[in-house]
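To start, the structure itself, in structure tokens.
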Amino acid sequence: MKGYLSLSILPLLVAASPVVVDSIHNGAAPILSSMNAKEVPDSYIVVFKKHVNAESAAAHHSWVQDIHSAQNERVELRKRSLFGFGEEAYLGLKNTFDIAGSLVGYSGHFHEDVIEQVRKHPDVEYIEKDSEVHTMEDPTVEKSAPWGLARISHRDSLSFGTFNKYLYASEGGEGVDAYTIDTGINVDHVDFEGRAQWGKTIPTDDEDADGNGHGTHCSGTIAGRKYGVAKKANLYAVKVLRSSGSGTMSDVVAGVEWAVKSHLKKVKDAKDGKIKGFKGSVANMSLGGGKSRTLEAAVNAGVEAGLHFAVAAGNDNADACNYSPAAAENPITVGASTLQDERAYFSNYGKCTDIFAPGLNILSTWIGSKHAVNTISGTSMASPHIAGLLAYFVSLQPSKDSAFAVDELTPKKLKKDIIAIATQGALTDIPSDTPNLLAWNGGGSSNYTDIIASGGYKVNASVKDRFEGLVHKAEKLLTEELGAIYSEIHDAAVA
């Protein structure tokens, strides 16, 4: 199997290195793995301790490549001794990453003996076995029903009069960059109006194109002219999944790093006066797999660096806390709702789910032509509603270079605000440990302060109060009537 190789039992010839691995390390670093993820054979993510700086990280990279090369030489010698039959060489260092200094490390394809040496290195916090991730779409339902935008702009359940009416501020998304960390984007689609561009392709030897459609669909919901929440946002394709819709955790981490660095450069350029009108960045990650400490740390680090993040809760009808990045603390984790205001049958739930958004039968942009559309379902479709909402609200702030710039709307504050103004109690089939919150965009207002000041809204609270009042009145009248009847019976009996 090319690239995925079985482990060798040969001893490792350790090469000279610029660092010493000895007793100053307090025990070997742990190797983490997920019980509910498909591991990529012989592939690992190595995370450094907090004290590691750029210089020591570079020295470590050189060291690990030295011992990796020595191992490959031993493999080649063994192949010759066996007349060409033996294990193939390992691929070595793949990606290095540094996400705003909060998560530093690297990934690669290594022999187990190399990993044992790495475990003993004093700079290593932990090692995680690389695993597969995949899109969060549910492909079993395909019906055309573009209702999601209307739902997030109305408080009450959609009716015939509100079914296709999306209320929004026309400037929504302007000055905001949205990173779609997914399968790519059909950047030439007419619905993007030239606002979509290719950012980065992470998988090795892959093309700069969306061969799957999933990333394009999510991008349309974020910022499409017709299908998008934030219709003027800029889109950047960060391809971490191949056309099959699957990829590796290590590639996703590398994609997050690229998006964070791109965002931080924009922030610096805006403050230096090199660009005008930039207001901030958001990211959507409609993918997931088993629990991964590294992936959650990467997303959390991205949020800490100022990148507003939405992630899908997952489609297993299970506790979102058992999946990554859904279980990460800092992003907004999104479950899926239906047109009938139910929790979608596939949507994950639990305390790690922050909010719900439309995710069943969502119409959006697709691949194959500049005009292609498709209707698919999943928490993958719910998450970009929130990513679009993040871009929408960020755009209602003054730009970073503006004389009217106010205190920064941090990801932590915006997450809190979106949860605070959500429609409460609108959904059915919500477990008791899950927030019953449905996303709301402010109903077309362009005044962020007023939107937040309006607070949350409990569906049909007044109707419920009136109903309870009528019941109380009926009970009172019935009691009085029964009392009168009893008195008449009593009087008749006495007479």
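A Cβ is built for glycine as well, from the same backbone N, Cα and C atoms used for every other residue.
Remember, it's a predicted structure, so these values are computed and weren't measured experimentally.
Per Swiss-Prot, signal peptide is recorded for 1-16, and the stated evidence type is sequence analysis.
Taken from Swiss-Prot, the feature domain 'Inhibitor I9' applies to 43-136. Taken residue by residue, the domain 'Inhibitor I9' (43-136) breaks down under DSSP into 36 helix, 33 strand, 25 coil.
According to Swiss-Prot, the feature domain 'Peptidase S8' maps to 146-452, an assignment based on sequence analysis.
All protein chains considered, the CB of Asp182 (active site, charge relay system) has 31 other CB atoms within 10 Å. Mapped onto three states, the DSSP output places Asp182 (active site, charge relay system) in strand. The feature active site, charge relay system is assigned by Swiss-Prot to Asp182 (among others).
Look at Swiss-Prot and you will find His214 (among others) tagged as active site, charge relay system. In the three-state DSSP scheme, His214 (active site, charge relay system) falls into the helix class.
The secondary structure of Asn284 (N-linked glycosylation site), as reduced to three states from DSSP, is extended strand. For Asn284 (N-linked glycosylation site), the Cβ neighbour count at a 10 Å cut-off comes to 33, with all displayed protein chains included. The annotation N-linked glycosylation site is assigned in Swiss-Prot to Asn284 (among others) on the grounds of sequence analysis.
According to Swiss-Prot, the active site, charge relay system annotation covers Ser380 (among others). According to DSSP, Ser380 (active site, charge relay system) sits within a helical segment.
Packing around Asn447 (N-linked glycosylation site) is summarised by its Cβ count: 12 other Cβ atoms lie within 10 angstroms of its Cβ, all protein chains included. Under the three-state DSSP scheme, Asn447 (N-linked glycosylation site) falls in the coil class. The N-linked glycosylation site annotation in Swiss-Prot covers Asn447 (among others) and rests on sequence analysis.
Residues or ranges marked as N-linked glycosylation site by Swiss-Prot on the basis of sequence analysis: Asn460 (among others). Cβ neighbour count for Asn460 (N-linked glycosylation site): 14 (other Cβ atoms within 10 Å of its Cβ, all protein chains included). Classification of Asn460 (N-linked glycosylation site) by DSSP places it in coil, neither helical nor stranded.
Fewest Cβ neighbours within 10 Å among the active-site residues His214, Ser380: that distinction goes to His214. The distance from the Cα of Asp182 (active site, charge relay system) to the Cα of Asn284 (N-linked glycosylation site) comes to 8 Å.
Put simply, of the recorded positions His214, Ser380, Asn447, Asn460, the one whose Cα is nearest the Cα of Asn284 (N-linked glycosylation site) is Ser380.
Rounded to a whole value, the Cα-Cα separation of Ser380 (active site, charge relay system) and Asn447 (N-linked glycosylation site) is 29 Å.
Rounded to a whole value, the Cα-Cα separation of His214 (active site, charge relay system) and Asn447 (N-linked glycosylation site) is 33 Å.
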